[in-house]
Amino acid sequence: MNLSRDVALIAASVAITLLCVRIWTSRRCTRQRNRKRLPHRIIMVRHGQSEGNVNPDLYRDIPDNAMPLTDLGKSQARAAGKEIKEIIGNESVRCIVSPCTRTIETFEEIMVAWGPDAASIPWTEEPRIREQDFGNFQNPEQIRECKIQRKKFGGFFYRFPSGESPADVYDRISSFLESLHRMFMRKREQNYILVAHGVAIRILLMRYFRYTIAEYEEVENFHNGEFVVMEHNGDGVFRITKVIHPHVDPKTFDVTVHEATRVRLNGKSMRKSSLSLSYDNRNLCWDDNPM
């Protein structure tokens, strides 16, 4: 009787062990397969200079989502496109664009670098990477007062009247990343270009690399036309490899390219050497689920 029970227990243990091994092997194979489907690069570009960047009074009558680029902004976008094309070369690319006028115009100018081939590049509008909503028609005096209150309340959590806080942006960016991961599994483009906004890009980096709120608030905003290059190392890990700012002279429209390997931190945080170094030492490991 005892012998039969012992044999049964051993058989059950072996069966459970084999099942666990099979599950582990299956998950490992899935992770390896998913890693192979990840793109080589994710490139995030801030839009070129908009009319609202130059004259905030325009927000009284023009919705934020309808604000167009200036001529300088279009040149910034074309300069960014030229630099991005040099990085990507002839690899395949898919673009995801915020639906605001200034980001769509930026995307169109970036695509000039691809010439006739631009017509065949797939792209989609994605409302979840739009800019932080600062309200409807905006009164510049009211916005200035809100920014004073924001310093007292805390920048990440302060919600503008009829608008959003960066915490709200964080929620929709998190949802977007889940969709982006599924897109990686379905599509096979080698590069993804995201054309977005300053706050949206910083929140994307925060979500990717798990920045704390304090660290997020110490990351400087990106210049118009500046972009971040994240490259995949083949092991399910993305890392920031370049931060490129094609500076366009507003008078001569000459382009000077500035390149760094990490995001800019504000003056206060630059004195914290350990924090300054943390941004290019963290990785995104993207296996079955996005971070």
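The chain as shown is numbered from 1 upward.
Cβ atoms here come from the backbone N, Cα and C positions, even for glycine.
Of the residues ARG5, ARG94, ARG102, TrEMBL puts just one in the substrate site with ARG46, HIS47, GLY48, GLN49, SER50, GLU51, GLY52, ASN53: ARG102. Sequence-distant neighbours of ARG102 (substrate binding site) (same chain, six or more apart, CB under 8 Å from its CB) are HIS47, GLY48, SER50, MET67, PRO68, LEU69, GLY73, listed in sequence order.
In the three-state DSSP scheme, ARG102 (substrate binding site) is classed as helix. Put simply, the two farthest-apart Cα atoms among ARG46, HIS47, GLY48, GLN49, SER50, GLU51, GLY52, ASN53, ARG102, the recorded binders of substrate, are 15 Å from each other. Fewest Cβ neighbours within 10 Å among the recorded positions ARG46, GLU131: this applies to GLU131. You'll find the Cα of GLU131 (active site, proton donor/acceptor) roughly 10 Å from the Cα of ARG46 (substrate binding site).
The number of other Cβ atoms within 10 Å of the Cβ belonging to HIS47 (active site, tele-phosphohistidine intermediate), over all protein chains shown, comes to 31.
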